[in-house]
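J.: So TrEMBL lists the following for this protein:
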- His2, His4, Lys85, Asp230: Zn(2+) 1 binding site (BINDING)
- His4, Leu5, Arg6, Asn30, His124, His234, Ala246: substrate binding site (BINDING)
- Lys85, His124, His158: Zn(2+) 2 binding site (BINDING)
- Lys85: N6-carboxylysine (MOD_RES)
- 103-284: domain 'Amidohydrolase-related' (DOMAIN)
- Asp230: active site (ACT_SITE)
Amino acid sequence: MHLHLRDDDMLKLVAPKTSNTFAGALIMPNLLPPITTKEALLAYKKRIQEACKNDEFEPHVTIFFQVDYSYEFLKEIKDEIIAVKLYPFGVTTNSETGVSSMDVEVLRPTLESMEKLGIPLCVHGETKGFMMDREKEFLPIYESLAINFPDLKIMMEHISSKESIDLLKKYDNLYATITVHHLMLTLDDVVGGMLNPHAFCKPIVKKPEDRKALLQLALSAHPKVMFGSDSAPHQKNTKECHHGAAGVFTSPIALQVLTQLFEEHGKLDNLNAFISLNAQRIYNLNPIKKEIRLIKKDFIVPEVYSYKSEQVVPLFAGQKLVWSIS
Ligand code: NCD
Ligand code: ZN
């Protein structure tokens with residue numbers, strides 16, 4: 001329930017890596033320029049469908065939060081979108097047109113309209129503070145949103161710290177997504193040995209105790225938690241460089257890694273709820289029925305995925321996973 005598909009050749013390269021194994025996904029709107037109009041939204045959805053044409057797959061598209069969205073606009077677009085995604089200004093990839101103030105009164109007109117119309121809000125919850133504390137510093141903002149808009153469903157995207165879990169449990173209208181990389185990695189995997197730019201993302205993966213707490217939450221398939229890969233592909237040369245881009249590409253490995261993780265902890269029974277059933281309930285979805293088969297067979301993760309001039313390196317490139325998709 002959190003996926004970046006990009007556009008053009010990159011879209012053509014990465015979209016099938018999700019659509020071959022998933023029945024649907026929530027697609028993020030942070031293109032350049034971001035998706036803010038009905039025309040751009042419908043055209044993007046069409047390009048996604050075209051890129052996934054060999055698979056049964058529902059792209060649940062979103063628009064990029066703007067403080068000046070009118071009630072009429074949101075009403076008109078309501079049936080086309082699954083949610084609106086809010087990015088604070090400058091906190092992550094392509095968020096330069098994000099909101100410059102997280103003051104509730106500034107956001108109120110749009111959020112009240114969304115609340116009335118029943119449109120969920122997805123949030124990238126980070127401040128511009130010290131990197132390891134950015135999510136923690138954002139928690140009072142989540143809390144104020146939850147209190148001020150009690151009928152608004154608020155999705156705390158890609159939670160990465162243990163403190164977020166307490167807040168999630170405290171308010172009925174807060175929900176969360178968790179990525180594969182936040183369940184698997186800590187900061188040591190990014191900068192503790194040799195630098196690994198392919199594990200660099202926002203929010204940054206954190207301490208072992210954060211990973212552990214997130215893992216417990218996911219393994220229990222807590223009803224307010226959904227799998228959101230935040231698979232965020234970037235060109236190989238924009239990761240392996242000076243000023244490397246933030247984003248981890250996990251689409252082709254997500255299911256296998258999650259299966260391995262849930263199996264290792266004896267929690268395979270909860271895998272379907274974490275990946276799919278919780279999201280269906282939270283977002284009121286009725287997806288097409290799609291069956292895939294996972295088999296206990298080694299899968300060596302490719303070093304790179306390519307299409308024309310696009311090249312993307314997945315997380316765990318060259319490493320062995322013990323589950324494969326048949
Ligand atoms: C995402 C991207 O590349 O679009 N990057 C990331 O590090 N997660 C944006 C985002 O979800 O923050
Ligand atoms: Zn994202």
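Note that Cβ sites are derived from N, Cα and C of the backbone, with glycine treated the same way.
Help me picture where these features are in the structure shown.
T.: When Cβ atoms from all protein chains are considered, those within 10 Å of Asp230 (Zn(2+) 1 binding site) total 26, not counting its own.
Counting only same-chain residues at least 6 apart in sequence, those with a Cβ under 8 Å from the Cβ of His234 (substrate binding site) are Thr93, Ala245, Gly247, Phe249, Val312. His234 (substrate binding site) carries neither a helix nor a strand DSSP state and counts as coil.
Secondary structure at Lys85 (Zn(2+) 1 binding site), taken from DSSP and collapsed to helix, strand or coil, is strand. Neighbour list (Lys85 (Zn(2+) 1 binding site), Cβ cut-off 8 Å, at least 6 residues apart, same chain): Met28, Pro29, Asn30, Thr62, Ile63, Phe64, Phe65, Cys122, Val123, His124, Glu157.
The average pLDDT computed over the domain 'Amidohydrolase-related' (103-284) stands at 98.
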J.: For Ala246 (substrate binding site), which of the three DSSP-derived states applies: helix, strand, or coil?
T.: coil
J.: If you count other CB atoms within 10 A of each CB, which of Leu5, Ala246 wins among these binding-site residues?
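T.: Compared across Leu5, Ala246, the most Cβ atoms within 10 Å surround Leu5.
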J.: Around the C-beta of Arg6 (substrate binding site), how many further C-beta atoms are within 10 angstroms, looking at every protein chain?
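T.: Taking all protein chains shown, Arg6 (substrate binding site) has 24 Cβ neighbours within 10 Å.
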J.: Under a threshold of 6 Å between Cβ and any atom of ligand 2, which of the binding-site residues Leu5, Arg6, Asn30, Lys85, Asp230, His234 are retained?
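T.: Asp230, in sequence order.
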J.: Residues with Cβ closer than 8 Å to the Cβ of His4 (Zn(2+) 1 binding site), same chain and 6+ apart in sequence?
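T.: Set apart from His4 (Zn(2+) 1 binding site) by at least 6 residues yet with Cβ under 8 Å, we have Ile27, Met28, Asn30, Asp230, Ser231, Ala232, Pro233, Gly247.
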J.: In angstrom units, rounded to an integer, how far apart are the Cα atoms of His2 (Zn(2+) 1 binding site) and Ala246 (substrate binding site)?
T.: 15
J.: Which binding-site residues among His4, Lys85, His124 have CB under 6 Å of ligand 1?
T.: His4, His124
